[in-house]
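Below is one structure; the comments refer to it alone.
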Amino acid sequence: MTHTDSHTDVTTPLLQVSGLKVHFPLRPGLFGKPAAMVKAVDGVDFTVHRGETLGLVGESGCGKSTTGLAVLRMTPLTEGRIVFDGEDISHPDAATTKRLRRKMQMVYQDPFGALNPRMRVLDIIGEPLRVHRLTRTRAEYRERVMDLLDRVGLKAEMADRYPHEFSGGQRQRIGIARALAADPSLIICDEPVSALDVSIQAQVINLLEDLQRDLGLTYLFVAHDLAVVRHLCHRIVVMYLGRVVEVADRERLYQAPRHPYTQALLGAIPIADPDPEVQARFNPSVDGEVPSPIDPPPGCPFHPRCPHATDLCRREAPRPLDVEDGHSVACHLHDPSRAAEMNHSEPSYQEQARNIA
Amino acid sequence: MSTETSTATATATTAPRTEPAATLLRVENLHTVFEKDDGVVHAVNDVSFDVRRGEVLAIVGESGSGKSITAMSLLRLIPSPPGQIIGGRVLFDGQDLLDLPDDAIRQLRGRDISMIFQEPMTSLNPSLRIGRQLAEPLRVHGSVPKDKVRERCIELLRQVRIGDPEKRLDAYPHELSGGMRQRVMIAMGLACLPRLIIADEPTTALDVTVQAQILELLRDITRASQSSMMLITHDLGVVARYADRINVMYAGRIVERGTAHDIFHRPRHPYTVGLMESMPRLNDAIGNRLTPIPGSPPDLSDPPSGCPFHPRCRFAQPRCKQERPPLERLDEEHWKACWVNLDDTH
Amino acid sequence: MSLSIQTPAAAAPATPPRRRAHPKTLRFLRRLCKERPLGALGAMICLVLLLTGLFADVIAPEGFNAINPIERLKAPSAEHWLGTDQLGRDVFARIVHGAQLSVIVAFAATTLSIVISALLGILSGYFGGRLDMIIQRLVDGWMCFPDLILLIVAVAVLGPGTWQVILILGLLFGISGSRIIRGAVLSAKQNVYVHAAQSMGASSPRILLKHILPNVMAPLIVLYTTRLAAVILAESGLSFLGLGIPPPEPSWGGMLSLDGRSYMFQAPWLAIAPGIALTVAVFGINMFGDALRDLLDPRMRGGGGRYLARVKRTIGS
Ligand SMILES: Nc1ncnc2c1ncn2[C@@H]1O[C@H](COP(=O)(O)OP(=O)(O)OP(=O)(O)O)[C@@H](O)[C@H]1O
Ligand SMILES: Nc1ncnc2c1ncn2[C@@H]1O[C@H](COP(=O)(O)OP(=O)(O)O)[C@@H](O)[C@H]1O
Ligand code: SF4
Ligand code: SF4
Ligand SMILES: [Mg+2]
Ligand SMILES: [Mg+2]
């Protein structure tokens with residue numbers, strides 16, 4: 001189940017997204033132009049390497065799912081370029097789309113809605129096999145589904161049951177098996193564990209890890225739970241209001257977050273340990289809520305909530321810059337050429353970083 | 001509710017006991033069931049606990065473990081039919097709430113005990129202005145003179161840190177963000193200075209940064225007013241930060257109770273231990289493998305025999321299948337319902 | 001009775017004999033009797049209706065049109081079970097033969113209307129966009145005219161007769177019903193599993209067949225049964241206005257409204273007999289339809305306690 005038919009060698013990234021914008025018309029008008037646009041994704045760049053798990057985190061409505069759907073080419077691009085396996089898929093033709101529908105698969109959040117209640121598990125898991133005609137005989141088809149069931153830790157006799165007979169965790173396993181059926185090289189997981197209880201969540205997290213190890217899968221993992229993301233993702237992209245604010249590997253992101261939003265996000269997560277010492281790290285430093293993506297604030301999108309905001313931030317949006325190798329931040333505080341304009345005495349992010357770490 | 005009469009006769013003979021000063025609410029052997037086509041669901045089964053003055057008492061458990069039904073039973077908010085409270089006592093100030101006449105309990109709801117619900121979107125009436133809804137409990141309980149109501153509403157909104165409260169009074173719920181709606185819910189809950197606030201997953205629908213704001217606010221306010229809070233949640237992080245004492249529920253029963261320190265550092269029930277091991281944390285070592293609890297929670301209309309946790313328990317013994325362990329005291333504050341004595345090494 | 005149609009794509013060349021079809025039907029019937037006794041009753045009524053229509057000549061061979069002036073307006077007796085009408089025709093024979101006519105008209109018109117509804121609704125709902133807009137404006141336009149006017153105009157143009165009635169009722173009900181199907185398609189399209197099928201590259205026909213249609217089945221069945229009843233009533237209305245099935249064909253509607261009304265006090269059985277026949281037929285069809293809708297949903301099958309509890313809980317609380 002390894003992907004042998006790649007176009008290019010294994011050193012090129014599996015997926016490259018640059019300058020991605022997805023805008024939705026607000027209440028599409030019958031005639032002429034819609035009144036306003038929802039800027040769901042407004043300039044996003046990232047890269048997914050083969051065999052890794054890239055986390056996409058941020059608060060509700062920041063454009064995580066939309067980014068995932070854009071990569072899957074299930075939503076039209078407004079702007080930007082997506083390169084998958086060495087091939088530009090920004091404007092795919094029918095044949096390319098068909099191929100993509102096989103090479104990328106999705107796992108959904110809602111274990112109750114993602115499976116057709118009127119189909120047997122056998123037909124749910126096997127649907128990609130049918131759609132792409134990957135098995136020739138009925139026996140081969142059944143055998144393949146049995147393999148998949150086994151892979152995700154379900155019993156063979158469950159194949160003939162209907163989804164409603166399964167618990168949330170089992171349904172999520174069925175969804176994962178379906179995603180594996182067509183032998184994809186990228187799996188987009190949109191909050192696959194957030195609807196599950198803690199004890200079940202751990203089962204699914206372990207399953208995702210095992211599958212990655214055994215099958216060499218690559219995941220784009222969309223989530224809002226930073227503890228789960230820290231556990232599962234090798235590198236993490238933090239989004240805010242349709243943009244990427246910070247990209248780093250997990251060690252660096254959780255030890256020394258640079259962007260004020262990342263710091264705020266990490267500081268706001270209650271830690272499951274009542275020790276006063278541990279609780280001292282809890283530091284919900286931001287007020288207010290995420291503004292509307294219909295009318296995002298000018299300049300840095302985070303400035304209305306940022307404790308370090310200056311006039312420059314209100315005026316001009318920061319560009320993502322590498323602060324270290326593989327760690328990029330979009331904040332004027334970290335742009336040496338803007339140091340003069342960011343006339344803060346001493347950026348307190350370092351203190352905060354230390355607090356959180 | 002059809003239960004009222006039956007519980008009334010059952011408890012009328014028992015004279016109300018005087019409570020120790022520290023106890024505000026005592027729940028004894030609460031039992032709530034739902035009649036369904038395919039059987040009876042014992043949503044809350046023989047649950048006892050107390051809430052002390054000024055403390056934050058948490059109830060944690062997975063979805064369907066009976067947390068919300070416990071809370072709703074206390075205020076007799078169980079939809080009936082199909083629900084029914086078939087046993088137990090809920091003593092508030094020495095008075096059995098299950099025994100009170102309907103209008104007395106209605107008076108008590110919102111005035112002495114108020115409840116903040118899970119879903120901020122549906123708990124507010126979308127067609128009424130915030131001011132109207134906020135004034136409702138004040139008007140019902142007549143706790144503020146009529147001409148002072150508006151003033152008190154503004155004060156309440158200010159207390160929950162909603163900016164520009166005069167203007168917000170005239171807003172409709174859909175004009176507010178999720179966090180603001182939840183703040184309004186809290187303001188409504190606080191309107192009559194209740195002695196007990198029951199918060200059922202007050203932040204589950206909200207983002208973490210907003211969750212932090214709301215929970216800090218709730219705690220600060222209850223502390224300042226010296227009222228007590230029953231915090232219901234499935235989020236162990238929230239529990240660790242805000243709870244003084246914790247009840248762990250599983251399949252409609254309390255399986256362990258203790259201080260936050262007991263539960264997180266010296267868990268003694270295999271289910272609690274399992275929860276701790278299956279949770280990814282921000283402060284554990286990267287690359288650690290999680291240890292999930294196998295299987296899934298039981299169907300409450302057909303619970304397992306003996307200990308309800310036995311099909312998933314790695315410490316299970318033959319005895320666990322037959323006999324259900326009672327909730328027993330380990331030390332001053334720590335209780336557990338398990339036949340096996342675990343120590344820190346598990 | 002299964003809704004999950006096997007696609008031939010992946011089936012082996014040597015398809016195993018379909019032995020399962022028979023037990024499946026039996027199992028369905030058993031569930032119908034056990035879980036939906038009223039539905040079973042409805043099914044029986046439908047069956048009786050159908051058989052009566054098919055074997056009308058065997059059941060009442062004397063003929064529904066044998067005029068016998070001596071036997072005018074006779075009350076029900078051993079000879080004439082349901083009495084006779086003003087021309088001395090046997091009411092029972094007319095009811096039986098009316099069943100034949102009603103069955104033909106009702107089923108034909110309803111089937112036509114459902115096909116039109118489904119076609120318009122699915123095209124409009126699933127493909128959306130400009131097509132949807134055009135279809136919806138046309139439907140709007142059509143629905144602007146009162147039904148009665150449309151009927152009168154259509155009959156004036158086409159002339160009265162059985163197939164004209166079928167055509168016009170089918171169109172009328174079909175177009176107005178398309179709204180309901182469109183709504184059902186739109187909500188079915190929201191299902192995450194439809195998104196999942198799209199994202200794995202399933203073709204539109206496949207998605208329509210396997211994921212959308214089963215969801216539209218329930219409203220289609222409800223629509224079919226309510227329309228069946230409505231068509232029977234509408235046909236009687238038309239006949240009453242002299243725009244429906246022309247006499248002497250024995251349509252229930254005609255009997256109820258023409259003879260029944262004129263002799264309501266002299267010979268009440270003239271109205272009561274077709275009235276009861278209509279009521280029982282409509283009741284039976286509706287009961288069977290309801291049962292069918294519920295039984296075809298696998299979520300209603302046993303063993304789904306937890307899922308259902310969860311669904312109910314999320315909806316209820
Ligand atoms: N089809 C659409 N039409 C209009 N607006 C949309 C559409 N899809 C998404 N949006 C808007 O785009 C923004 C980003 O949505 P998206 O679903 O990507 O957020 P998300 O980060 O996945 O949030 P969540 O954590 O709640 O899932 C939101 O404001 C959302 O309302
Ligand atoms: N209206 C109802 N009808 C039937 N069963 C119910 C109803 N409400 C809750 N239950 C059942 O009661 C149990 C406990 O539910 P609840 O207290 O809401 O759980 P939670 O711990 O998630 O708050 C569940 O098994 C649920 O299925
Ligand atoms: S650019 Fe300015 S406003 Fe934005 S995060 Fe950095 S300091 Fe804050
Ligand atoms: S009583 Fe037995 S089965 Fe139950 S938790 Fe304890 S050891 Fe496990
Ligand atoms: Mg999302
Ligand atoms: Mg609940």
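Note that the numbers count up from 1, one per residue, in the order the chain is shown.
Placed from the backbone N, Cα and C atoms, the Cβ positions cover glycine too.
Keep in mind it's a predicted model, so treat the numbers as computed, not measured.
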Candidate ranges C:1-20, C:21-40, C:61-80, C:81-100 [criterion: TrEMBL lists as region 'Disordered']: C:1-20
Under a Cβ pair cut-off of under 8 Å, which of the recorded stretches C:37-56, C:101-127, C:139-157, C:265-289 contacts the transmembrane segment (C:163-181) most often? C:101-127
To the transmembrane segment (C:265-289), which of C:37-56, C:101-127, C:139-157 is linked by the most Cβ pairs under 8 Å? C:37-56
Residues of the same chain, at least six outside the transmembrane segment (C:37-56), with any C-beta under 8 angstroms of its C-beta? 96-97, 99-100, 102-104, 280-281, 283-292, 294-295
